[in-house]
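Novice: Next up is a structure, given as structure tokens.
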Amino acid sequence: MAQHAVYFPDAFLTQMREAMPSTLSFDEFISACQRPLRRSIRINTLKISVADFLALIAPYGWSLTPIPWCHEGFWIERDDEEALPLGSTAEHLSGLFYIQEASSMLPVAALFADDNHPQRVMDMAAAPGSKTTQIAARMGNRGAILANEFSASRVKVLHANISRCGIANTALTHFDGRVFGAALPEMFDAILLDAPCSGEGVVRKDPDALKNWSPESNLDIAATQRELLDSAFHALRPGGTLVYSTCTLNRQENEDVCLWLKETYADAVEFLPLGDLFPDADRALTPEGFLHVFPQIYDCEGFFVARLRKMSSLPAMPAPGYKVGAFPFTPLKGREALNVTQAANAVGLLWDENLHLWQREKEVWLFPAEIESLIGKVRFSRLGIKLAESHNKGYRWQHEATIALACPTHAHAFELSAQEAEEWYRGRDIYPQTPPAADDVLVTFQHQPLGLAKRIGARIKNSYPRELVRDGKLFTGNS
């Protein structure tokens, strides 16, 4: 691979020499930082198994190398990368995989390291959604995830990725993460805090990442990280698991933050060693049992991951000062709930007892049952998935619900050709050689739902959301 010029402040290099174990080569660190980052993907097992995905893409000639800490993760090499961006392939558009850096798959692997089954999980700094969607896949779309993002501009991207991946068990919030310890004390079985950091590990992706770096800014960031970790630890139930991670390399934002928590809460904090997380994990293991991943170790981004357990309850933090406001939804029950369920089932939309029906005026929503006890304690930006809008003739089913809930083997499913699927993603109506018999059509490609549509004569009317419509070269080059 060609090298690219990375900007390294002298003080950063001095700090890295001090932080790096003697078993690692500093020259190899510099060399690794200047190599372009390998592309990697994570297969979305909510939609397809790893084996079925590998069989599906076998004709494309993609070279996939397994990522040792993530069964569904692969480094990818493609000869057609310049002609067809990875994000424009049919498999990406339908949510079969997520483009995710390999080392960023580590925190979720650590969160589920004991094959535990948490029912209520918080991702405290969630955008753009790689780890939230990975958590949802590990949970099998059951239970509930509170995905929080402080940056308002990134909440929309977070929702778009959750929707594309067919995830139904998520609630979105837009808060400074420091509120949750007080607002939702000891409410979560597991919490991921992928903390905002100085980003020293991302220089392979962004050669100018360290342009504004300074030792002083590291200390300022670490102070914020301690406050976020304190909040997360208070929001974690006794016996629960917390993973703290960053994409930076200095000790102040990594080991020192975790050791501060241990010093503050003593026996309430137990560090859970990660040396057995995957074969060769011991190469990045610290004396405390954390993983401090320098980029040359596994040829990936620099990363840090710590896993801990909360051993006992803590005194409550002061109550939050904000007002939640009236909750605008009411549960849908009895005959009304039955009518909605039967109408949805008739067009191929199915769900289980993990999701409950709620309504707001003419809108019908599905909320994860596990999140309902948090209603009234925190204000949600978005909760669950919007199932439908009611009107005089029935229900107008929503795109995100179709992607998450549709059964591709339903009697009304209509499989498109590659050329027709490309037309669909361009927002155009479909004129199949043999039109479907049903008026309500579940449009599929590669046996994945693309949307619900109406048949009008010999035409299938396009219902793909306008904001998702694509142009430029699409995926027919793969067919």
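Residue 1 is the first one shown; counting continues down the chain.
Backbone N, Cα and C define each Cβ position, glycine as well.
Predicted, not measured: the structure shown is a model, and the values here were computed from it.
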Novice: Looking at Swiss-Prot, which one out of E149, E186, E216 binds S-adenosyl-L-methionine in the same site as A125, A126, A127, P128, G129, S130, K131, D176, D194?
Specialist: E149
Novice: What number of additional C-beta atoms lies within 10 angstroms of the C-beta atom of A125 (S-adenosyl-L-methionine binding site)?
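Specialist: 21, counting other Cβ atoms within 10 Å of A125 (S-adenosyl-L-methionine binding site).
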Novice: What same-chain residues, at least 6 away in sequence, bring their CB to under 8 Å of the CB of D176 (S-adenosyl-L-methionine binding site)?
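Specialist: Result: F150.
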Novice: Including all protein chains displayed, how many Cβ atoms other than that of C247 (active site, nucleophile) lie within 10 Å of its Cβ?
Specialist: 24
Novice: What does DSSP call G129 (S-adenosyl-L-methionine binding site) in the simple three-state scheme?
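Specialist: Reduced to three states, the DSSP call for G129 (S-adenosyl-L-methionine binding site) is coil.
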Novice: Reduce the DSSP letter at D176 (S-adenosyl-L-methionine binding site) to three states and note it down.
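Specialist: Where D176 (S-adenosyl-L-methionine binding site) sits, the three-state DSSP reduction gives coil.
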Novice: Taking the Cβ of K131 (S-adenosyl-L-methionine binding site) as the reference point, list residues of the same chain whose Cβ is under 8 angstroms away and which are at least six residues distant in sequence.
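Specialist: Once residues fewer than 6 apart are set aside, K131 (S-adenosyl-L-methionine binding site) is near S104, P107, V108, D123, L192, D194.
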